[in-house]
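Comments concern the structure below.
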Amino acid sequence: MNKIDIACIIDDDPIFIFGAKRMMELANFCESFMIFKNGKEALNNLKSLIKTGENIPDVILLDINMPVMDGWEFLDEFIKIESQKPITIFIVSSSIDPTDQDKVKKYQNVSNFIVKPISIETLKSISAKVLNP
Amino acid sequence: MQVTPTNDNTLFLLNFIQQQASIGTWEYHVEEEALQWSDETKRIHELSLDYEPEIASGISFYKEGYSRETIKKLFADCLEHNKNFDEELEIVTAKGSEKWVRAIGMAVMEDGKCIKVQGLFQDIDEKTKNIKALAFKEEQLSKTFENAVVGMAILDLNGQWIEFNKSLCHIFGYKKEELQRISYLDITHPEDLKYDYQAMAKMMKGTKHNYEAEKRFIGKNGNAIWALLSMSIIRDDDGKPQHFVAQINDLTHMKIHRDEVNQLLETTENQNKRLLNFAHIVSHNLRSHYSNLDMLLDLVKIDYPDNTKNDIFPHIEEAVSHLGETVENLNEVASINIKNAIMLEPINLLGNLNKVIKGMSALILDSKTIVVKDIEQHLRVMAIPAYLDSILLNFLTNAIKYKKPGKPAHIHFHTEITEDHIILHISDQGLGIDLEKHGKKLFGMYKTFHNHKDSRGLGLFITKNQVEALGGKIEVTSQLGTGTTFSIYLKKHE
């Protein structure tokens with residue numbers, strides 16, 4: 001596998017989603033993506049996908065500050081779900097608050113904390129991590 | 001009647017009694033003009049027992065002035081008018097000490113004529129002095145009581161006034177007569193009354209010795225008055241409760257001040273919270289807009305490269321990049337100020353400086369900068385590693401940035417050790433700063449002193465905040481054209 005199959009973006013910011021999608025296309029990051037506007041929406045949909053075992057994303061780019069259910073709340077729920085397929089999670093946030101960066105260390109499933117803006121280079125390093133863990 | 005001893009035993013007994021009671025006797029025979037003193041009388045005068053008194057010398061022992069004039073008059077009255085006397089007077093003894101005595105005289109008549117005056121002479125010095133001292137103490141105490149700044153009262157066991165002072169009247173706004181008409185319990189706030197009752201009952205039972213409470217009273221105008229009450233119980237020798245002593249401190253003003261302080265504290269806390277929120281807004285919201293802008297510019301460059309080939313696009317790019325820096329700096333400032341408990345750790349100063357220099361070796365090589373490090377190998381300071389890095393980096397880059405044109409920068413580090421601090425002096429031979437002109441705002445936010453292309457004016461502000469967060473301070477000396485020395489006080493590791 002030299003390309004990520006499905007990438008999932010969980011973010012409430014339409015500009016970021018627009019940009020991130022385009023960046024992913026340019027970086028030849030993945031075959032398809034899946035987008036959710038907050039943690040709740042993502043959790044509900046991912047739960048049922050994991051249950052059926054179809055279209056499970058390989059990687060999740062998760063924002064922290066979101067309405068309804070934020071990134072931390074999503075993580076707390078998501079780690080309880082058992083998935084057949086490994087899912088790599090990256091926190092992608094504009095926060096440069098060190099407490100956020102410390103907090104992420106508590107979650108084993110989270111591979112990295114990426115500070116926005118993302119660039120083609122960032123995406124390339126993400127895909128390298130996902131494809132060759 | 002003459003004291004004529006019938007035998008030796010009686011005489012002995014009489015002397016003994018006189019001595020024990022400090023009472024002497026005396027008699028004066030009118031016809032013979034002879035004065036006789038008993039041994040004890042002589043002893044009271046501190047005379048030897050073979051002293052032979054005369055009327056004039058006897059009187060001369062009385063203290064000049066009131067005592068001597070009084071005894072003269074009393075003695076004359078007794079002789080001439082048969083008037084007995086009993087008076088407390090002062091004498092000056094043969095040894096010069098002043099003593100209070102009780103002098104009693106009685107005329108003995110025969111055929112309507114005074115033939116003899118006889119009397120008693122008692123040493124009452126100790127008793128009189130004690131009484132006088134006691135009276136003095138009592139007066140002192142009552143003056144203290146009356147003029148005390150705190151309200152004071154003595155209450156009987158039913159809470160009725162026995163006595164109270166001026167301050168007490170003043171606190172509650174009553175005149176003395178008005179307050180006398182009501183009781184202590186009448187001026188206690190009804191809601192606090194039961195606590196007083198309980199405490200007073202316990203004190204009477206003996207389970208409590210005193211009672212202190214911040215409680216409300218009612219002033220004459222009906223307003224509640226907050227006061228600190230301290231009450232204790234006085235018992236007699238048998239332990240039977242006699243009365244209560246109460247001290248009442250008006251807390252109204254203190255309470256008002258305290259409320260004001262609390263109000264201020266609350267306001268400050270709110271402001272602080274808002275500042276934290278503000279810091280968060282800066283950190284997140286502003287930054288997310290910046291990062292979007294930055295990302296979109298990247299996309300424009302890739303997707304619409306033609307749109308970047310104009311005069312405006314590079315300016316937009318620069319503006320966005322400055323926005324990003326500003327947000328980052330603001331965030332740094334905010335995060336320094338909101339850190340509450342800062343954990344300092346011992347860091348080797350020289351090692352850390354070497355690490356920072358290594359990190360910027362490209363810049364140092366490029367600019368041919370000379371760095372001299374006079375720092376002892378073992379010196380350790382208490383700091384947060386990230387802060388110390390940032391502080392050193394800032395001074396290094398500043399020194400390079402503000403070097404003299406055409407000459408490489410020369411930076412000299414050396415240390416000075418005081419009781420609590422390691423002072424790191426960083427001297428450059430650069431442009432220098434006109435401290436008279438700029439000294440006050442040197443460490444202010446967004447102040448730059450050089451029209452230098454890289455001057456952002458935030459570095460020193462952040463550095464100062466970081467040094468202060470580490471419990472240190474920065475001092476600066478500088479001369480235009482000669483260079484600048486920054487002295488950084490860092491906490492010494494013990």
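Cβ atoms are placed via backbone N, Cα and C, with glycine included.
Quick look at what TrEMBL lists:
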type	residues	note
DOMAIN	A:6-131	domain 'Response regulatory'
MOD_RES	A:ASP63	4-aspartylphosphate
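Listed in sequence order, the residues of the same chain lying 6 or more apart from A:ASP63 (4-aspartylphosphate) and placing their CB within less than 8 Å of its CB are A:ILE10, A:ASP11, A:ASP12, A:ASP13, A:PHE16, A:GLY71, A:ILE91, A:VAL92, A:SER93. Per DSSP, the secondary structure of the domain 'Response regulatory' (A:6-131) breaks down as 55 helix, 28 strand, 43 coil. Model confidence over the domain 'Response regulatory' (A:6-131) is summarised by a mean pLDDT of 88.
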